[in-house]
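Participant: Just lifted these from Swiss-Prot, have a look:
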type	residues	note
COMPBIAS	1-11	compositional bias 'Pro residues'
COMPBIAS	232-243	compositional bias 'Basic and acidic residues'
COMPBIAS	594-603	compositional bias 'Acidic residues'
CARBOHYD	90	N-linked glycosylation site
CARBOHYD	261	N-linked glycosylation site
REGION	1-29	region 'Disordered'
REGION	229-265	region 'Disordered'
REGION	588-610	region 'Disordered'
TRANSMEM	35-55	transmembrane segment
TRANSMEM	120-140	transmembrane segment
TRANSMEM	152-171	transmembrane segment
TRANSMEM	189-209	transmembrane segment
TRANSMEM	278-298	transmembrane segment
TRANSMEM	310-330	transmembrane segment
TRANSMEM	384-404	transmembrane segment
TRANSMEM	418-438	transmembrane segment
TRANSMEM	453-473	transmembrane segment
TRANSMEM	488-510	transmembrane segment
TRANSMEM	522-544	transmembrane segment
TRANSMEM	553-573	transmembrane segment
């Protein structure tokens, strides 16, 4: 894929450019247009993350399989004129607005010689998708740091991912397995593109004109951002916000020298741009979610749902794909290439062995991850917290997928209501990101205590769902997620808790990292996150197959959520900080012989997506 090179900088711009660190580096000052191009991709892809992966893709997969499935006991079709439930609505109720299949029988579909529940099919698909995504993230992380690969990979992932969403409009029930393949490709492209997108951030910040101006004033007061987004001197910022000293500084790899000024202008600007990008992405997701609900409601008034219950859902995914593609085009136009260092290729017979170099970089990425693992297991506090994070991130991913399918198959909620449920959780997540720092300051909670409080509130979700097994509540027909309205308060809890956990776990882990190894350890943090999310959905899928009910997954989820609490309580942050400093000193003594390795910068890329 070829891209038109950006226009050469003007002489005026040359005056403010920093020196190049390697041949071919683009040190053109970052423009507002380029920042908007960076924002544009977040606006593009976050819509697929929230509206696609978080809402309509699980429903579409389940409904596609259901329209090809049969009832386990009678082998009658789950959907259609021969289905046992078709007479309940005299053939007039669209499949979009109700759950098909008998209440006490499960709908199964044949796959690879096995009969699996249609809800399990969706869970297994996402479990496999996350596994492929994790392998891709680690393997491709090293490639994007070189030459024009950064922008090439970003656009490739964006265009391929948006195409998978748009192609769903052609996925009919007879080829429902093709939908699973599209989900795997789409989820992989989504996660990989966000990692590459975040790798642009340190480059944009380093070339920002205000950063260049601030860097010339050495030995002066620390600069901070004013309300107009420019830097101005400010005293004792670290005293106002000491936790910034432990935040991740982009671009630092394993064995690099730690930053002497963690509250530097670069970090402040990076935080500001990143936060705004996340906010714009979520706002775009909510907007498209509202548009999708309107589209679903309008299509429910037509004959399309009678043809296939998935047609309206597939039109929504078409809308999501078009949105992703359109804003990726904006990014293609406005975001500069910002090439990395050239690959040191060798030639054989006049041909450049670039593929051999790429394979070497892939191997280096895995080698770097393994090297970090060996260091991490020597740090007791890091080791314990990573186990806790492994369980916790798996629980978060499992609850999200299970809740959507539970609302659709157990509570018989319409797709429109499920969309409203997703909006509720998204808005609550945005609220939680701002709420938990206030709660933590108000009650003077340590980071570990805030995390444990979030986990305790998170446990409410599966425990409440299990109340329906109590005969008294089951007889009442309410309490224990037996009525659709009951899931909305839990969606608020889920959103608020998730917003707190994502930010506090990351910052708490930053306290334990050996100084100078931030990027490598956050790469391990990201790999732990993605790798763990394979297990939970697969186990819940097996429970659904065994029992025929999505509700049975609440037992596993309840155990999974509570397990990290004692582990987080066991982590001593101060001891972990001292262990990290001691490890950094030991690493520094043996680092000199390892400097200059070609992939030194590559370790940081995966971390930027954490």
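Quick reminder: no glycine exception, Cβ is built from N, Cα and C everywhere.
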Participant: Using Cβ atoms only, state whether the transmembrane segment (453-473) and the transmembrane segment (384-404) have three or more pairs under 8 Å that are 6 or more apart in sequence.
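Facilitator: Output yes: the transmembrane segment (453-473) sits against the transmembrane segment (384-404).
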Participant: For the transmembrane segment (120-140), find every same-chain residue at least 6 residues outside the stretch whose CB is under 8 Å from a CB in it, and list them.
Facilitator: 53, 58, 61-62, 65, 109, 111, 153, 176, 180, 183-184, 186-188, 190-192, 195, 362, 365-366, 369, 397, 401-402, 405, 523, 526-527, 530-531, 533-538, 540-542, 544-545, 606, 609
Participant: Examine the transmembrane segment (553-573) against the transmembrane segment (418-438) and state whether at least 3 Cβ pairs sit under 8 A, considering only residue pairs 6 or more apart.
Facilitator: no
Participant: Report, as numbers and ranges, which residues of the same chain sit near the transmembrane segment (418-438): CB under 8 Å and 6 or more residues beyond its ends.
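Facilitator: Long-range Cβ neighbours of the transmembrane segment (418-438): 50-51, 54-56, 59, 279, 282, 285-286, 289-290, 292-293, 296, 403-404, 407-408, 450, 454, 487-488, 491-500, 502-504.
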Participant: Select the range from 35-55, 278-298, 384-404 that forms the most Cβ-Cβ pairs under 8 Å with the transmembrane segment (310-330).
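Facilitator: Highest pair count goes to 35-55.
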Participant: What else in the chain is close to the transmembrane segment (522-544), if you only count residues 6 or more beyond its ends and a Cβ gap under 8 Å?
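Facilitator: Sequence-distant neighbours of the transmembrane segment (522-544): 116-117, 119-121, 123-124, 126-128, 130-131, 133-134, 137-138, 141, 191, 195, 248, 368-369, 372-373, 376, 386, 389-391, 393-395, 397-398, 401-402, 506, 509, 513, 550, 552-553, 555-557, 560, 603-610.
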Participant: Within the same chain, where does the transmembrane segment (152-171) have neighbours whose Cβ lies under 8 angstroms from its own Cβ atoms, ignoring anything closer than 6 residues to its ends? I mean 6 or more beyond.
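Facilitator: Tertiary neighbours of the transmembrane segment (152-171) are 1, 3, 41, 44-45, 48, 52, 60, 64, 140, 143-144, 178-179, 182-183, 185-186, 189-190, 192-193, 196-197, 200, 310, 314-315, 317-318, 320-322, 324-325, 328, 331-332, 335.
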